[in-house]
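Visitor: Just dropping this structure here.
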Amino acid sequence: MYRPNSATVALMCRANIPLAPESRHTLTHDTNKLTERMDSPLHHELTLALGLARQAALVSRTVLSEFFLTQQKSQVDSVTKSDFSPVTVADFAIQALLAGTLSQEFPNDALVGEESADELRENPQLLQQVAAVLKVAQGGWEARDENHVCDVIDLCKGEEKKRRTWVFDPIDGTKTFLKGKQYAINIALLEEGEGEGSREEVMSVVACPLLDWTLGTPGEIGEVINDASVDKSGKGAVVYCVKGHGVFVEPLFNKTADDKPRRIPRHAEQVKTVGGLKSVTCWQSLDSGVDTVHERVAEKLGMGFPGSDLLGWVNRWVCLALGLANTTVWVYKKRERKAKIWDHAGAMLLFREAGGKITDVDGKEIDLSEGRLLDKNFGFLAAPEGIHGVVLEAVQEAMRERGEEQKAAGGLN
């Protein structure tokens with residue numbers, strides 16, 4: 001297993017990155033007992049996905065620690081996904097690990113992931129880096145050769161419709177990942193729904209390597225977090241659910257006998273008035289959202305704003321599931337903007353299992369049937385189910401007011 005040397009350790013400590021775990025990334029007896037008690041036909045899938053999440057998280061930490069060994073801290077902000085940055089290596093390596101394992105175990109299932117292997121085939125050096133990093137996932141899927149790595153990554157185009165579809169985001173929160181701040185690894189399973197061509201979330205496993213797994217425990221329910229809220233213990237968190245069986249959280253790494261899987265209560269069901277609303281949003285980077293609408297909605301509801309402030313969507317869904325927040329609103333600047341399925345599928349189910357309701361800002365159910373993009377939806381609105389309608393009215397009123405203001409000022413964007 002990978003062990004950072006002394007120079008890497010020093011750099012990681014200065015950057016507030018907990019060290020890579022010492023313990024094996026396999027399921028403990030308590031977790032195995034829990035997945036069995038769920039009495040779900042997805043017991044095998046959940047067990048496999050939990051193990052994969054730990055392997056993927058270890059790959060991500062290895063890449064990040066090597067990056068801080070070879071780069072100056074001041075250079076981190078300038079690295080982008082278009083070059084040989086660690087986020088590129090981590091994205092490809094984790095997608096290969098997930099796709100290789102899942103295609104081997106479930107050959108009749110479809111796969112949808114963010115990356116294609118085109119860049120790898122054009123850059124042999126990058127491909128060699130990815131293949132080398134994959135060796136960290138000991139005991140997991142192993143590529144026959146570098147071409148095999150490319151082939152499994154390209155299985156994730158989601159071009160065929162099948163009864164079951166695995167969706168994953170290897171690194172959600174690429175900008176924060178590069179800074180040693182919050183990021184997540186999303187693994188979701190979808191199955192055919194009741195309507196023709198529909199798909200529904202049935203299982204979710206999300207690894208948050210830098211999130212404190214004890215957040216959301218009784219007595220801390222009012223706490224807010226942001227991307228710099230990094231777990232100093234090095235344990236991280238893995239949050240998971242099977243539809244109809246509730247949400248659970250446990251340490252991602254270095255789990256002890258005392259660290260039992262913790263069931264998250266259906267906290268959103270207890271919120272009956274707007275006075276109980278708690279926000280999570282992305283206030284630090286509003287490249288795609290409309291800041292005036294988000295602020296106005298909070299004002300109309302008397303809700304503190306911004307509340308928890310997280311860049312990655314998957315981290316926001318986890319924040320909602322854990323009870324650190326129970327409401328999020330996202331209105332895109334343009335109707336043409338569509339969400340990507342891997343940023344939301346599965347992770348949304350975590351909040352639904354905690355008593356939340358999710359629609360788009362037009363009040364329509366989120367439609368996961370259209371492949372890689374959520375073409376039939378505009379924006380997102382998640383809130384406690386009992387007062388979702390009240391929040392929706394505030395959102396739509398704020399959108400109308402903004403439209404009228406823009407029209408009076410000389411036209412819509």
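Including glycine, each Cβ sits where the backbone N, Cα and C put it.
Heads up, here are the entries from TrEMBL:
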- GLU114, ASP169, ILE171, ASP172, ASP343: Mg(2+) binding site (BINDING)
Visitor: Which residues does ILE171 (Mg(2+) binding site) neighbour through Cβ under 8 Å, counting only same-chain ones at least six apart?
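Guide: Set apart from ILE171 (Mg(2+) binding site) by at least 6 residues yet with Cβ under 8 Å, we have SER60, VAL87, ALA90, ASP91, ILE94, PHE177, TYR183, ALA184, ILE185.
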Visitor: Give the number of CB atoms, excluding that of ASP343 (Mg(2+) binding site) itself, located within 10 Å of its CB.
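Guide: There are 21 of them.
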Visitor: For each of GLU114, ASP169, ASP172, count the other CB atoms within 10 A of its CB; which of these binding-site residues has the top count?
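Guide: Buried the deepest by this measure is ASP169.
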Visitor: Taking the mean position of the Cβ atoms of GLU114, ASP169, ILE171, ASP172, ASP343 as the Mg(2+) site, which residues outside that list, in the same chain, have a Cβ no more than 8 Å away, listed in sequence order?
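Guide: Same chain, not in GLU114, ASP169, ILE171, ASP172, ASP343, Cβ within 8 Å: PHE168, PRO170, GLY173, THR174, ALA184, ILE185, ASN186, GLY312, VAL314, LYS340, TRP342.
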